[in-house]
Amino acid sequence: MSNESLANLLREERRFAPPADLAAAANVTAEAYEQAKADRLGFWAEQARRLTWAAEPTETLDWSNPPFAKWFADGKLNVAYNCVDRHVENGLGDRVAIHFEGEPGDSRSLTYADLQREVAKAANALTELGVQAGDRVAIYLPMIPEAVVAMLACARIGAPHSVVFGGFSADALATRIQDADARVVITSDGGYRRGKPSALKPAVDEALTRPGTENVRSVLVVRRTGQETAWHEGRDVWWHELVDRQSEQHTPEAFGAEHPLFILYTSGTTGKPKGILHTTGGYLTQVAYTHHAVFDLKPESDVYWCTADVGWVTGHSYIVYGPLANGATEVLYEGTPDTPHQGRWWEIVQKYGVTIFYTAPTAIRACMKWGDDIPAKFDLSSLRVLGSVGEPINPEAWVWYRRNIGADRTPVVDTWWQTETGGIMISPLPGVTETKPGSAQVPLPGIAATVVDDEAREVPDGAGGYLVLTEPWPSMLRTIWGDDQRYLDTYWARFGPGQSATGVAWRYFAGDGAKKDDDGDIWLLGRVDDVMLVSGHNISTTEVESALVSHPKVAEAAVVGATDPQTTQAICAFVILRGSASESEGLVEELRAHVAKALGPIAKPKRILPVAELPKTRSGKIMRRLLRDVAENRALGDVTTLTDSSVMELIQSKLPTASED
Ligand code: ATP
Ligand code: MG
């Protein structure tokens, strides 16, 4: 597509009507919104019937002690039974649950019957290690089937897991082990990353030398790469020695719906990571419902693939709990999209006939940068729904995704949610919603979200402000682990509780800026911390970034507001140029003019700095707070969740040349 036709397409604000075949057979119809609006709690009680309960809940929501919610509190269930055993009992034991694809090209498929045996053995093994209901277990593994098995085994015995992304350092792992006071760590010798075995166990050994980790009794080690591994006798135990000899029988115990399921730390883009606590009944209800509704899942025929890592909430909700509760067949891939070649993802889509594909904007932009010819080499005709999550997706990337991956016929669902919300909250529904490039659009049935101004007043269509959730939802976080006060302060203090016609209204503040367009559709504008104040105008970093990447020479951009004596804040942009573009004299001026033309002169960046890389979290999000530190000549804040800390040194070394006024 030429740049001109792309510009035209975006200027038209084109919408894409749902494909007729999808609309005719969609899992959810437009009536769901009305039904949920008329009786929100009834709607969720109905969705809870997707699960198999050992004791049916009679109560839906207890909101008598806000903001501490209880959902389905008198119900009892076992999460692992719901994700595995009941499918086998329903005659689906031979259905593939997981097609595992290792980075070096090894592959392995596990049916639901296989998964049941593996989870039972792992649950017996954890019990032999002395793990009891309520004990925390840290999981630090690559993307291998044992990661899913370990999570389900913990769920099965009621031991909350804390999954720590396998790319994190010993420091990040140690702080999470300390905060959750974990008793057991499950890890592996290593995993394959970018064509090489990459060790994991040494980071565990190092983390366990830190004070506050003494309560870790055992380290269960999966053999993945076969590399040399230091051994602590009496503490370390091989998975294949302990788990493989266990019985394949394990009777699941039913736990109350508010029994903790996991703690997961947020990615730390805005500060010190928060240990988000999720429980079982409400969480599983919402992830199962949303996975069914948002992706229009047909478990008997679909092959679903979410490229996230199990170390993030997307991996918890949309690799493990949602898809497996629904009896889906899914792909699990260990490696990166460009190993050994930049078509690796599309090769996997072709191999398994993937029908539903869920990934992040940062990955989509990387694929755009690598070129349209790469996906064109593969047969992607099986795809019917594409999803995006993690950041606002710029319209160019949205259109590229739909056109080059979805052959211009699949809907793209832009799903807004957070570690805290547990499940998807705002998204179009395939077959129902006319989609708009770049907008998450509408709250799902049963979800109440809006945009408010500084005084907590709902803004009219066409205006911007802060995204809030105005009613509790089943998969909401219950607190920040060990810190109820931070839970209150971070999420509930900003906009409430205030008086409303019905009494005291509690509004959950998501921390994200948003606007409503003239149709009332919601557009996410990035974190509130990322909204800039320039000469009295609020300008979102996302909008300036989107304008920059619409220039043909720019592959990626990150924008921050730096304190400025004249204008309060000055817009400072860091850009990665496209492969062929060079850092010529006039380029910075050309880009400034380009942004001014797209958004108006007030949004013209004061400084633009071409860089080779941007600081990203391991989940692929740009850490703007670090760029702000750089732009304001401050010492860098917490960098433990950064993929590669040398990126920051590289950027800092280039800074003196950045002042182009
Ligand atoms: P921390 O809270 O520690 O700063 P984080 O917010 O990056 O970390 P996550 O819970 O992984 O941690 O990310 C949720 C955030 O990601 C949302 O609040 C939002 O800013 C962004 N996000 C996720 N999906 C979308 C989307 N579809 N559109 C826009 N933004 C999104
Ligand atoms: Mg957040």
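For all residues, glycine too, the Cβ spot is worked out from N, Cα and C.
Annotations in TrEMBL come from automatic prediction, not curation.
Residues Gly390, Glu391, Pro392, Asp414, Thr415, Trp416, Trp417, Gln418, Thr419, Asp512 are given by TrEMBL as ATP binders; from Arg403, Arg494, Arg527, that same site also lists Arg527. Cα spacing between Arg194 (CoA binding site) and His551 (Mg(2+) binding site): 30 Å, rounded to the nearest whole number. Counting in whole angstrom, Gly195 (CoA binding site) lies 30 from Val549 (Mg(2+) binding site) by their C-alpha atoms. Geometry remark: Lys196 (CoA binding site) versus Lys621 (N6-acetyllysine), CA distance 24 Å. Summary for the recorded positions Arg193, Lys621: the Cβ-based neighbour count within 10 Å is maximal at Lys621. Taking each Cβ in turn and tallying the other Cβ atoms within 10 Å, the top scorer among the binding-site residues Thr314, Ser535 is Thr314.
Break the domain 'Acetyl-coenzyme A synthetase N-terminal' (30-83) down by DSSP state and the numbers are 24 helix, 12 strand, 18 coil.
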